[in-house]
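According to TrEMBL:
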type: ACT_SITE; residues: Lys102; note: active site, proton donor
type: BINDING; residues: Lys66, Lys90, Ser344; note: substrate binding site
type: BINDING; residues: Thr185, Asn216; note: NAD(+) binding site
type: SITE; residues: Asp142; note: site 'Important for catalysis'
Amino acid sequence: MNALAATNRNFRHASRILGLDSKLEKSLLIPFREIKVECTIPKDDGSLATYVGFRVQHDNARGPMKGGIRYHPEVDPDEVNALAQLMTWKTAVVDIPYGGAKGGIGCTPRDLSMSELERLTRVFTQKIHDLIGTHTDVPAPDMGTNAQTMAWILDEYSKFHGHSPAVVTGKPIDLGGSLGREAATGRGVVFATEALLAQHGKSIKGLTFVVQGFGNVGSWVARLIRERGGKIIAVSDVTGAVKNQNGLDIVDLLRHKEETGCLTNFSGGDHMDPNELLTHECDVLIPCALGGVLNKENAADVKAKFIIEAANHPTDPEADEILSKKGVVILPDIYANAGGVTVSYFEWVQNIQGFMWEEEKVNNELQKYMTKAFHNIKAMCQSHNCSLRMGAFTLAVKRVACATTLRGWEA
């Protein structure tokens with residue numbers, strides 16, 4: 001089941017639990033606006049190339065729309081739609097005043113030079129500048145984009161609208177980016193994990209963890225868990241997998257990955273088959289890479305007691321059922337990986353105020369938001385007698401439906 005179908009299914013299930021009006025339910029599913037633009041740029045060799053860019057703006061009942069821009073060859077309209085909708089629920093779960101959006105350009109970033117990427121970003125911004133804005137829609141980096149991409153969007157947008165640092169988040173620090181943003185998603189995952197484990201009378205210290213994916217999120221998760229006394233016994237990424245029953249030294253592993261570009265041949269651990277990683281014996285499994293990795297083929301063999309969804313949509317609905325029957329506790333993606341968008345919100349707030357925070361304040365506020373959201377989800381689980389995933393979805397849908405109704409959606 002693809003991401004869009006799964007998100008729609010979860011939404012419908014939540015709206016049934018809440019007893020939403022069918023007209024309101026339909027209105028919440030349909031995106032507010034879908035934008036598709038042609039971006040033609042001169043390549044370095046003088047030839048012209050055309051790319052298709054789009055932005056799906058899902059909902060703005062609770063505030064400006066928010067979501068990443070990805071540069072990827074398979075930017076699929078359905079997937080962008082699902083991710084925009086997911087952002088609406090994600091921002092509502094952690095109670096930040098945003099709606100959801102997502103966008104992208106169908107291109108292969110590594111095949112483009114730096115100047116070609118800059119021209120492409122500027123043309124895309126020229127086409128959508130009147131449809132984004134500090135109080136309308138605030139883009140952020142995603143797959144294939146980074147702080148530099150945001151700097152170009154900010155500069156191009158400011159040519160039309162004057163200096164507007166809050167139009168994008170995930171910017172370089174020198175242009176109004178927030179301290180703590182780089183580690184935010186990973187740190188949020190760790191705060192979420194602590195909140196869940198505390199509920200079960202446990203803490204990170206002394207438990208064993210397996211982390212799939214060792215990019216920005218996975219590496220920060222691993223580093224922060226090790227700092228708190230947790231044992232990371234296996235890690236994988238696209239280059240391979242490595243395990244050590246006594247716990248991997250994450251700082252050494254990061255250094256090894258930086259020097260060699262891969263996880264294999266690490267002296268502080270043994271090679272393992274990446275396909276066995278998800279079913280490796282551990283207390284807590286944290287998928288931080290791709291969607292759909294836990295499916296009906298491997299779910300029955302998962303040995304972890306807790307799964308923290310740091311990736312978007314890592315668990316198929318079929319796997320969800322198998323794991324729930326086994327008593328595995330799954331912390332859903334729309335809550336677990338919301339640390340990134342929460343600190344993006346802090347960045348936006350700092351830019352609007354023109355007053356920047358210390359990193360300690362950023363991290364403390366993030367912990368407050370993540371912990372409070374967990375208790376709100378738990379309360380929904382108790383009142384509706386449902387799983388954490390449905391608790392998170394019902395909480396989010398209820399907040400968006402409430403805002404929509406209060407604003408008068410039928411008029």
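From the backbone N, Cα and C atoms, a Cβ is placed for every residue, glycine too.
When other Cβ atoms within 10 Å of the Cβ of Lys90 (substrate binding site) are tallied across all protein chains shown, the result is 28. Comparing C-alpha positions, Lys66 (substrate binding site) sits nearest to Lys102 among the recorded positions Lys102, Asp142, Thr185, Asn216. Among the binding-site residues Lys90, Thr185, Asn216, Ser344, not one has a Cα within 10 Å of the Cα of Asp142 (site 'Important for catalysis'). For Ser344 (substrate binding site), the nearest of the recorded positions by C-alpha distance turns out to be Thr185; the candidates were Lys102, Thr185, Asn216. Straight-line distance linking the Cα atoms of Asn216 (NAD(+) binding site) and Lys102 (active site, proton donor), rounded to a whole number, equals 20 Å.
Separation of the C-alpha atoms of Lys90 (substrate binding site) and the residue listed as 'active site, proton donor': 13 Å, rounded to the nearest whole number. Between Thr185 (NAD(+) binding site) and Lys102 (active site, proton donor), the C-alpha separation comes to 17 Å. By neighbour count, meaning other C-beta atoms within 10 Å, the densest spot among the binding-site residues Thr185, Asn216, Ser344 is Ser344. Listed in sequence order, Arg55, Val56, His58, Gly67, Gly68, Ile69, Arg70, Val80, Asn81, Leu83, Ala84, Met87, Asp142 are the same-chain residues at least 6 apart in sequence whose CB falls under 8 Å from the CB of Lys102 (active site, proton donor).
Residues Gly67, Met87, Thr91, Ile96, Tyr98, Gly100, Ala140, Ala338, Gly340, Val341, Thr342, Tyr345 surround the recorded substrate site, their Cβ atoms falling within 8 Å of the Cβ centroid of Lys66, Lys90, Ser344, which are themselves excluded. Around the Cβ of Asp142 (site 'Important for catalysis'), 21 further Cβ atoms fall within 10 Å across all displayed protein chains.
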